[in-house]
Amino acid sequence: MSLVLAVYGKGGIGKSTTSANISAALALKGAKVLQIGCDPKHDSTFPITGKLQKTVIEALEEVDFHHEELTADDVIETGFAGIDGLEAGGPPAGSGCGGYVVGESVTLLQELGLYDKYDVILFDVLGDVVCGGFSAPLNYADYAIIIATNDFDSIFAANRLCMAIQQKSVRYKVKLAGIVANRVDYTTGGGTNMLDQFAEKVGTRLLAKVPYHELIRKSRFAGKTLFAMEDQPGKDDCLVPYNEIADFLMQENPAATVPVPIGDREIFSMVGGWQ
């Protein structure tokens, strides 16, 4: 049975880069991993495969949406460390529902019997306020992971995601594994002071602290995971948090919680008082 992860966070927070590096860390520790990009931009797997691969929606269009005519080879590309990548895709900008495509991708995975093929399935999901379609991965996930930075907008989005996870946990098995602090900067960004307080308030923990480092940004543009980049100063330190996350997830029963989110209005007044 696959370990299913759903990675969420505010738009532009670094979810795909973080997801790809978590997938890489897991794969290098021996896990067979499938990463699923759930964003119309279809660039989640770019650091893994080094290209923008064909999306599920594009493959379905080619067969007039007859799922039974598709095989795994039509929608899956294998990249770094043997990681398989799949991109849900989406409708043209300004039309259609991207969340619907996520649901279609989940259906296709089930029909192809892929849930039993992998040790880990990681959904990299668009969005900070989760609609029905984009929340679909939470129906299947064992654990949700929130990516956040040490600022109000990111924390507000994380709190909204905690609301979605709490709601889904009533009917489904999903729990929150924790928050990954991304782009941590102790010089100008306050480190993780606000994230630490938020995590304690909602009943979760910081899984790891990913530093703000130019090498991570460069790896994204290069179409590589950080693990695949040439050795250079700072690389080893940047790899530490991704390996910490992988080690945590590969435990027999990783500790996780159902978060207790803060009310929308309450969080505005509360965060303003955090230092």
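Here, residue 1 is simply the first one shown, and the rest follow in order.
Using N, Cα and C of the backbone, Cβ positions are placed for all residues, glycine too.
With a cut-off of 8 Å between CB atoms and residues at least 6 apart in sequence, the same chain places GLY37, ASP39, ASP43, SER44, PHE46, PRO47, ASP124, ARG220 near SER16 (ATP binding site), listed in sequence order. What Swiss-Prot records for GLY12, ILE13, GLY14, LYS15, SER16, THR17, LYS41, ASN182, ARG183 is ATP binding site.
According to Swiss-Prot, the feature Mg(2+) binding site maps to SER16, an assignment based on sequence analysis.
If you look up Swiss-Prot, you'll see CYS97, CYS131 marked as [4Fe-4S] cluster binding site.
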*Using the structure shown, find which entry in GLY12, GLY14, CYS97, ARG183 (the binding-site residues) has the sparsest Cβ neighbourhood within 10 Å.*
GLY12
*When you measure from the Cβ of LYS41 (ATP binding site), which residues in the chain that are at least 6 apart have a Cβ under 8 Å away?*
LEU126
_Largest CA-to-CA spread of ATP binders GLY12, ILE13, GLY14, LYS15, SER16, THR17, LYS41, ASN182, ARG183, angstrom_ = 22
*asked:* Can you give me the Cα-Cα distance between CYS97 ([4Fe-4S] cluster binding site) and GLY12 (ATP binding site) in Å, rounded to a whole number?
replied: 20
